[in-house]
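Chemist: So TrEMBL lists these for the protein:
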- A:A10, A:G11, A:L12, A:G13, A:T14, A:V15, A:G16, A:A17: NADP(+) binding site (BINDING)
- A:K107: NADPH binding site (BINDING)
- A:E192: L-homoserine binding site (BINDING)
- A:K207: active site, proton donor (ACT_SITE)
- A:349-423: domain 'ACT' (DOMAIN)
Protein chains: 2
Amino acid sequence: MTQPLRVGLAGLGTVGAGVARLLRDNADLIAPRAGRPIAVGAVSARNRGRDRGVDLSAAAWEDDPVALAGRGDLDVVVEAMGGSDGPALATVQAALSAGRHVVTANKALLAWHGAALAAAAEAAGVALRFEAAVAGGVPIVKGLSEGLAANRIARVYGVLNGTCNYILTEMARSGRDYAPVLAEAQAKGYAEADPSFDVGGIDAAHKLALLASLAFGVKPDFGSVSVEGIDAVSLADIAHADALGYRVKLLGVARRDGDAVERAVRPCLVRAGSAIGQLDGVTNAVVVEGDFVGRCVFEGPGAGAGPTASAIVADLIDIARGAAGPAFGVPAASLAPPVSGALRPAEHYVRLSLDDRPGALAEIAADLGTEGVSIRAMNQPDHAGEGGATVLIVTHACQREALDRALARVAARPVSLAEPVAFRIEDV
Amino acid sequence: MTQPLRVGLAGLGTVGAGVARLLRDNADLIAPRAGRPIAVGAVSARNRGRDRGVDLSAAAWEDDPVALAGRGDLDVVVEAMGGSDGPALATVQAALSAGRHVVTANKALLAWHGAALAAAAEAAGVALRFEAAVAGGVPIVKGLSEGLAANRIARVYGVLNGTCNYILTEMARSGRDYAPVLAEAQAKGYAEADPSFDVGGIDAAHKLALLASLAFGVKPDFGSVSVEGIDAVSLADIAHADALGYRVKLLGVARRDGDAVERAVRPCLVRAGSAIGQLDGVTNAVVVEGDFVGRCVFEGPGAGAGPTASAIVADLIDIARGAAGPAFGVPAASLAPPVSGALRPAEHYVRLSLDDRPGALAEIAADLGTEGVSIRAMNQPDHAGEGGATVLIVTHACQREALDRALARVAARPVSLAEPVAFRIEDV
């Protein structure tokens, strides 16, 4: 057996310590699969003394991760610190400059700086790999960039944030509203103390930016991804959607439309019987639609120490075997800036709260008609007579912009008692 | 851009012609992903004149696929002829001997000769790749051998034959029995005129043998895989299973149990709400359970020209990039013969047809108890009084051998009106 692959671990939190444990526990099967052993040669973290459940005393210690990245005795640096800038960025840049391969789970870093880092890796002739950055343990980066590489991709979409899916699933299951379910998710460790990255859709959008790059050869360019979170989803909408045969999911969708690439994270209604509709709890799922393969679904745990370590070590095994393709599947110089186009028309779910008097529905229907939005189904559930009447509408496929203009007309009418709510129905 | 990867296509049926079409249609995106163009340099088929919907006049023609495999101007031979022996085997052997990489979709060939061919490929320093041999377009070979390579796999299982899943799904949906649904599947092109490879479980078992090799480092050794088909599944069992909250699926399961590896294809009951339970129609799905990643599901089209070509060309792109790991993920010399162990105990579904007289159930319960099989649930659906009574039993986890002994006792009793039926309930 040849020389071991020498790994430097920058960061020894949940992810870094998980990688160290995996390399120790499964060393016997990793060596034959990688063609050589994979050894932790050096580590860096903020607190040297902390017990991490794995003995790293044989590895050299560096206080400074950038110094670790520059060490001459390493082949690969695993960046496991997190953050879109600061030490994580400096460490990855230093490692690439020094001619070290880099493996990272850091979706924020790559969503912002992926194109530049991919170019730096190519210039240095080393690999930049990030299987763990999207959907945790699910090998979707490899699946998309290698397994389905022969296909012209039409659309890639999925449930990319387990926290949001847990909250939406739990609201539907228990009939409780957003706030108490979020509090429970925090208590269970499924949501951070500051949940805004998750529930605001940012984390999912980071991952979507990377999927879009892999699928369509565009720069991640996070700033131009459209993002909405789940805080606007009410229990009422989940219940109404259910009655109509839909589930509400926070969906990341990247779709090619001519030269444009639509990239959006937003709450959507999806058919209850679809693979995405049936996805409960913290599981992630990604669906890829290719011209030759048709539709492939990848499902599994989207977060956690074990799944993240599984993905990082898979990248290390690839590197040990000599894999060295470009980070986003095509040369970095060919990554085009994504062109945003008009959203593909879609059916929409609309919930209105109207004063319950004769003629109200006619006024609404007229507003929709004026903007060219046609109604596929309308339903006014029976109500106790107190407060306004809830009116549910499913539109035929329409442009969101036209629907928004129509709903602005509706909102301006005296008959309208609350801001209209509208969600896209994504055909999954 | 460097020299094109020069491919020889041995076989121009559905699969071979599909590969040629894909290489033509998506040439613009394959070249940047592969780092160089992929070109068809030579072809071989039985009928030179046939119109295959793709112009291959620029490629050299060989009447004999073995001669094609020996040509000096090719880098890779794609074996798309089929058959576990004969010309397919001779062609692959010739290509490897000549130092050509080989890509094949031929599950039968590899299930029988995979270990020897993997050794020949290693000796020649070339790749032997077979993504298309398992679950068609779904990149499960790569997912298992690379994406999840860091994991100790406990179990890999799935629905591996679309024809069987279509038939079982359609029986459940339409309430029609096996024979007419099979006839319809044949009319629709989902089943062969001679369906025995599919409905007998052989095709699924070929694929399972390959999955077990990748997951557990054992030889494919097809002869020792346990195989049952779906012809024993009656409409009554599907309906009873449904009432109990289960679906009947033809499941391939490979499981590590100490040093032993269980490998079996058989009809099983699975929870209706599970990913496998919800899988309808011709779709394939494979579930991998690893110690660090947890559970990952891969789903997609298991057959057809497009999906198969997608998988074959993915292998070609990998080869063009220089990938050259061992065929089954570890060196061929380390592939161990699979050791068969006792099946893990499982709950079972049992259907009995009994003479409807006092004491009958007591006799049956005694027989099960004598063999140590304990009853979790027993149900005798109301019946019109004509013929025998149907008795449904769900056992607690038990050894199949013990259950079979108990059912032999039951069958020998005068009260028993028909051969007992039993299916394993797989915990998915």
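Using N, Cα and C of the backbone, Cβ positions are placed for all residues, glycine too.
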Chemist: According to DSSP, does A:E192 (L-homoserine binding site) fall in a helix, a strand, or coil?
Modeler: coil
Chemist: Between the Cα atoms of A:V15 (NADP(+) binding site) and the residue listed as 'NADPH binding site', find the distance and write it as a whole number of Å.
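Modeler: A Cα-Cα distance of 13 Å.
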Chemist: Whole-number answer please: how many Å between the C-alpha atoms of A:E192 (L-homoserine binding site) and A:T14 (NADP(+) binding site)?
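Modeler: Cα of A:E192 (L-homoserine binding site) to Cα of A:T14 (NADP(+) binding site) measures 14 Å after rounding.
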Chemist: Around the recorded NADP(+) site, report the further residues of that chain (criterion: Cβ within 8 Å of the mean position of the Cβ atoms of A:A10, A:G11, A:L12, A:G13, A:T14, A:V15, A:G16, A:A17; site residues excluded), sequence-ordered.
Modeler: A:L9, A:G18, A:V19, A:A45, A:A80, A:M81
Chemist: Just to be sure I understand, if DSSP states are collapsed into helix, strand and coil, how many residues of the domain 'ACT' (A:349-423) fall in each?
Modeler: 24 helix, 23 strand, 28 coil
Chemist: My list of recorded positions is A:L12, A:G13, A:T14, A:A17, A:K207; which of them have a Cβ under 8 Å from any chain B Cβ, in sequence order?
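Modeler: Qualifying residues, whose Cβ lies under 8 Å from chain B: none.
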Chemist: Distance check, please: Cα of A:K107 (NADPH binding site) against Cα of A:K207 (active site, proton donor), rounded to an integer number of angstrom.
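Modeler: Taking the Cα atoms only, A:K107 (NADPH binding site) lies 6 Å from A:K207 (active site, proton donor).
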Chemist: Give the three-state DSSP assignment (helix, strand or coil) for A:L12 (NADP(+) binding site).
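Modeler: Going by the DSSP assignment, A:L12 (NADP(+) binding site) belongs to neither helix nor strand, so it counts as coil.
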Chemist: Pick out which of the recorded positions A:G13, A:K207 has the most other Cβ atoms within 10 Å of its own Cβ.
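Modeler: Within the set of recorded positions, the most crowded position is A:K207.
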Chemist: Which whole-number value in Å describes the distance between the Cα atoms of A:G13 (NADP(+) binding site) and A:K207 (active site, proton donor)?
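Modeler: Cα of A:G13 (NADP(+) binding site) to Cα of A:K207 (active site, proton donor) measures 21 Å after rounding.
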Chemist: Per DSSP, to which secondary structure element type does A:A17 (NADP(+) binding site) belong, with helix, strand and coil as the options?
Modeler: helix
Chemist: How far is it from A:T14 (NADP(+) binding site) to A:K207 (active site, proton donor), counting Cα to Cα, in Å?
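Modeler: Between the Cα atoms of A:T14 (NADP(+) binding site) and A:K207 (active site, proton donor), the distance comes to 20 Å.
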Chemist: Rounded to a whole angstrom, what is the C-alpha distance between the residue listed as 'active site, proton donor' and A:G16 (NADP(+) binding site)?
Modeler: 20
Chemist: Non-local Cβ contacts of A:L12 (NADP(+) binding site) (under 8 Å, 6 or more apart, same chain)?
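Modeler: The answer is A:A20, A:V43, A:S44, A:A45, A:R50, A:R52, A:L56, A:A80.
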Chemist: Fewest other C-beta atoms within 10 angstroms of its own C-beta: which of the binding-site residues A:A10, A:V15, A:A17 fits that?
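Modeler: Lowest Cβ count within 10 Å among the binding-site residues (A:A10, A:V15, A:A17) is A:A17.
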Chemist: When you measure from the Cβ of A:G11 (NADP(+) binding site), which residues in the chain that are at least 6 apart have a Cβ under 8 Å away?
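Modeler: Listed in sequence order, they are A:S44, A:A45, A:P65, A:V78, A:E79, A:A80, A:M81, A:G82.
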Chemist: Including all protein chains shown, what's the count of other C-beta atoms within 10 A of the C-beta of the residue listed as 'NADPH binding site'?
Modeler: 27
Chemist: At a 10 A cut-off on CB-CB distances, which of the binding-site residues A:T14, A:G16, A:E192 has the highest count?
Modeler: A:G16
